[in-house]
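Below is one structure, written out as C-alpha cells; the observations come after it.
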Amino acid sequence: MVLAGNGRWCSHSQGWAVLTDGVRLSPRSFSPPRCWGHPTKLKRRVCCFLRKIEAGFSLFFPAVWCQAQSGTRSYGPVFEEQPAHTLFPEGSAEEKVTLGCRARANPPATYRWKMNGTELRLEPDSRYRLVAGDLVISNPTKAKDSGSYQCVASNPRGTVVSREASLRFGFLQEFSAEERDPVRITEGWGVMFTCSPPPHYPGLSYRWLLNEFPNFIPADGRRFISQTTGNLYIAKTEASDTGNYSCFATSHIDFITKSVFSKFSHLSLAAEDVRQFPPSIKARFPVDTYALTGQAVTLECFAFGNPVPRIKWRKLDGPQSSKWIGSEPLLQIQQAGFEDEGTYECEAENAKGRDTHQGRIIIHAQPEWLDVISDTEADIGSDLRWSCVASGKPRPTVRWLRDGQPLTSQNRIEVRGGELRFSRLVQEDSGMYQCVAENKHGTVYASAELTVQVEPETAEQQSLCLTRMVWISAAIGPSCLSPADATKITLAPSSADINVGENLTLQCHASHDPTMDLTFTWSLDDFPIDFDKSEGHYRRASAKEAIGDLSISNAQLRHSGRYTCTAQTVVDSASESATLTVRGPPGPPGGVVVRDIGDTSVQLSWSRGFDNHSPIARYLIEARTLLSSQWKQMRTNPVNIEGNAETAQVVNLIPWMDYEFRVLASNILGIGEPSLPSSKIRTKEAAPTVAPSGLGGGGGAPNELIITWTPTLRDYQNGDGFGYIVSFRRKGSQAWLRARVPHAESLHFVYRNESIAPYTPFEVKIKAYNRKGEGPESLTAIVYSAEEEPKAAPYRVIAKSVLSSEMDVSWEPVEQGEVTGVLLGYEIRYWKDGDKEEAADRVRTAGLVTSAHVTGLNPNTVYHVSVRAYNRAGTGPPSPSTNVTTTRPPPKRPPGNISWSFSGSTVSIKWDPVVAKADESAVTGYKMLYRQDSHSAPTLYLASKSHIDIPIPEDFTHAFVQIRVTGPGGDGTPAEVHILRNSGTCSCPSPSQQEGLSHAPPILAVAGSQ
C-alpha cells in the first residue's frame, strides 16, 4: 500500500488511526487493508493495486499529517501505585505504618488522603505525614487508626481517587486462666476436647499438646484437629491417650508469630468397651459454605466409631473437580471456580455402618471489569457515550465519579448504571472520570480523561474529509470488484427477547467474492466481542466460511443490547444489526432512606431500580439487627407493596434496637438482588412489654429468701436504664414488699430478715422497668425461704460385705416431719478401722431410697459406716455407726491342666482344682463362659466341682472357653482355652500370657460384663 505525500500511520492512545487535515479516523471506523490469505487471492489483490498504479492512481491522503509530538503533552493523574490492605500487629516494635500512593501526571499531582470518607488534616505536629504521595502513620493505635483509607491525586487536568484500603490491627490474647474440667470416658469410645480460643484477629492455626511442650499430637486417621474451631477429636480412644491435653493456638501476621496455650485438661479412661459401633459424624462442615473465585475452600468432616471410620467425599450434582486435594477428614479445592459450586457429601463408614453429612459450596466473585472507559478526545457540541461493564457475584452495581466527586444525572448528563451519556459536550465537561463497580466482596475502579476540543471542524474541513474518503474508495473499489462480487449480508440477525439463563443463536450469512477471505466479527453496542474472554457465553455456531452465526449460552442481563454482525473481506465489508433483550429479575433498588422513626415502626423510601425488561410486581423489605447478621423479611404496611410504590411503612419492630434495612424487587422471573443496606438507625425507646421469665428461687442461708429469674434478653429491654421490680409477701398476708434491682444482667435478689422462719412459703412476682416506664407483671410463683438441716438421723443401719471390694448398706429412714424442707437423700460415710471419721469416703443417694451399694473397698478390711439425711441446707446428724469386714479376695491363680473329651453330643471338660491360700477367700465353685464361635452369644455355666459336661451340636468343630473360680470374695482370674474336635489337651498360656489375653476380643469383653 502506498501513502503519498507526508501521510503515515500514527500511533494513538486508542490504537492505530490515520489523521488527515485534523479529521481522526478511529480504529473502529477504518482498518488498514490486510494482505494475508490464500496465494491465489493474494495474487488478485496485488493485481488490483498494480492496476491502480498503472492507471495513474495512488492510494494516498493529500496533506496527511501526524499529530505534533513537539512539546510535552499535559494529562490528568493515572495511578501507578495504590494503597493496599494492611494488617499491623498490636505490640509490634515497628513505630509506623506506610500506605503507598503514586500517580503519573503532567503537571505532577498533589495528594490528599481520606479516612472513612473524611479528609485527613495533615498538620506539622500530626501523627499523619505525607511523604511524596505515601501516607505515614506514626505510633498507630487500633482505637484511632483502624479504618478505610483512600488516596486522592489531583492536578489542573482533574482528580482521581484510589481504591479503598483497610488498616486493621492483628492481636492474640491469652487463654482464660480458669482450670479446665477433667474428662473421663470408657476406653474405645470417642471424645472431643474444645479449644475455646481467646479473642484474636485474624484467624489462627491450631495444634494440641499432650502432657508437655513440645509433644504435639500428630494428625492421623484416629485423631483430628479442626482448623475452624481448634477442637480436638479422637475417633476411638486407646490406653495411650490417657494424659493432659492443652490447645496450642498460633497467630501469623507477616513476619511476626505468636502462640498461646490453654490450661491442661486431664483425660482418664475407664475399663475398655470393645464393642463395635457405627460412625457418628461429630465435626461437620457448614450447611452453606461461601467462597470467592480463586480462593481455596476447605471442608472438614470427622466421625467417632469403632473401628475407626474412613471418610469419603463426593459431589452430588456434578463431576469431581481435578482441583480436589483429599486427605480423609479434609476436602480442599484449590482456586475454586463457579464449576465447583454445588452440594457435597461426606460419608463416614466402618464395618458397623455409615453416617453422612451434606452441605453446599456457594461461589461468589469480586467485581471484575469486562469493559472499561479509556481516554477520549471529543469535539465541543458533540454527543458521547461511555460504558463500563463488570462481572461479579452478587451482581456489581456501578457508580460514576467526576474529579473524585459522585456524578448523577443532570441537565445534559445521563447516568444509568454502567452507562454515562453526554449531550452537546461543553469544555467544562473535560476532566477525570471514574466508574466504580462494587459488591459486598470488593470494589474496582476504572479511570479515563475526557478532553473536549475547543474548536469544532468547519464545513470546509468536513467536505474535505468526505473527499478524502471517496478518494480511498475510488482507488480500491470499482476497478477491482464488480457490484455482483461485493460482500453482502444474505441472512441478517433478527431481534429477540429471551429470559436470563436461556440460549439463543443470532444468524448472520453473507455472500462475497470467492477469491477473497471472508471473516465475521460481532460487536455489542459497538464494542467488539472477545470470544476468549466471554466465560463461555459466546461462541461461533458454524465453521463454514459464509456463515457467521453467533451462539449465546446462558444469557445474562449484561448481554442485552444491539448486536452488529460484520462480514469483511480485504477490500469491503457489510453489516447488519439486531437488538437482543434479556429479561430477568429486577435490579437492586437504590437510595434506601429511613425516616419517621418510631418505637415499633419506620417509614422507608427508595428509588426504582432497573426492571430488566419485565415489570416489577412487588417489593420485599428485609432487616437485620445488632443481634443477628441474618437478613429477615419484615412486616409492612401495606402488607403487599406494589411494583409502582417507592415507599412503605415497616411495622412490628423492636423498640430501642439498631436496624439496617434493604429492599428487594421481584417480577415474574424471580426476586432480584437486594439494594445496598440503609444507614443504621435505632428505634425509639418504649416501656417494657414482656415480663421476665423463669421466676423461682429458694435455698440460701438461714433467715433468707432468694428469688431468681432469667435475665431479659436485649430484644425485650426496649430502652436504657433497664432493671427489675420484685414483689413478694408471706403466703396468706396482704401487704406486698417491693425491691428494685438495677441492671439487665441481674438474675437474683436476696431478702434477709431475722423473722423469716425456715422453709416459709412466699408469693413472688416480677416485672421489668426502663426509663420509659414499667412493664407488665409476671404470674405469681411460690418460693420457699431457706431450709434448715435435717434434725433427725436414720437408724437401724446394717452393713453387709458382698465381695472383697463391695458392701451393701441399708437403714430406716427419717420421718418427713423431722426435715424442714425437702429431703434430697442420704449420705453414707465409711472409713477404715483406725482412721478418723473426718477422713471418711462418702456416697450420696438421691430420693427416698433406703439402701446403697458401695464399691472400691479394700479386701479383708474392717470399715465403720454411718448414714445421714441431707437437704439443700446441708446434712443432718449421723446415725450410730456400724462395723463391717470385707471378705478376702478370690484366688489369683487360674484353673490349670485343662483337658476335654468328646462323647456323642457332649464334651467333658476337666481341670485341676484351685486351692485358696490363707489370705484368699474360699473356692465355692467355678464359672465357665462358653462361646461356640466369635460371632455367637456366650453361655454361662456354673460348676461346683472341677469338671463339667456341655452339650454340643453334631457339626461341632471348635469353641472358646473361659474358666474361673468363684466364692465369697468374687470371681478369680480366668483361664482361656480354644477347644478343638481333634485334640483333648490344653496348651494353656502362662499367667503373664493370661494377662495379655485378658484384652483380646471377643471373649473377655463378655467376661468383664459378668
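Yeah, the Cβs are placed from backbone N, Cα and C, and that goes for glycine too.
Features as listed in TrEMBL:
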- 77-168: domain 'Ig-like' (DOMAIN)
- 173-268: domain 'Ig-like' (DOMAIN)
- 279-362: domain 'Ig-like' (DOMAIN)
- 367-451: domain 'Ig-like' (DOMAIN)
- 487-581: domain 'Ig-like' (DOMAIN)
- 588-686: domain 'Fibronectin type-III' (DOMAIN)
- 691-788: domain 'Fibronectin type-III' (DOMAIN)
- 793-890: domain 'Fibronectin type-III' (DOMAIN)
- 872-896: region 'Disordered' (REGION)
Residue numbers, six or more beyond the limits of the region 'Disordered' (872-896), whose CB comes under 8 Å of its CB atoms: 698-699, 702, 758, 786-795, 797-801, 803-807, 811, 814, 819-822, 824, 827, 829, 833, 837, 857-866, 911-917, 919-921, 923, 926, 946, 963-975, 988, 991, 994
Taken over the domain 'Fibronectin type-III' (793-890), the model's mean pLDDT: 92
Interface-richest range of 77-168, 173-268, 487-581, 588-686, 691-788 toward the domain 'Ig-like' (367-451), CB pairs under 8 Å: 77-168
Structural state census, the domain 'Ig-like' (173-268) (DSSP three-state): 3 helix, 43 strand, 50 coil
DSSP-assigned states of the domain 'Ig-like' (279-362) in counts, ordered helix, strand, coil: 3 helix, 52 strand, 29 coil
Composition by DSSP (helix, strand, coil) of residues within the domain 'Fibronectin type-III' (793-890): 6 helix, 48 strand, 44 coil
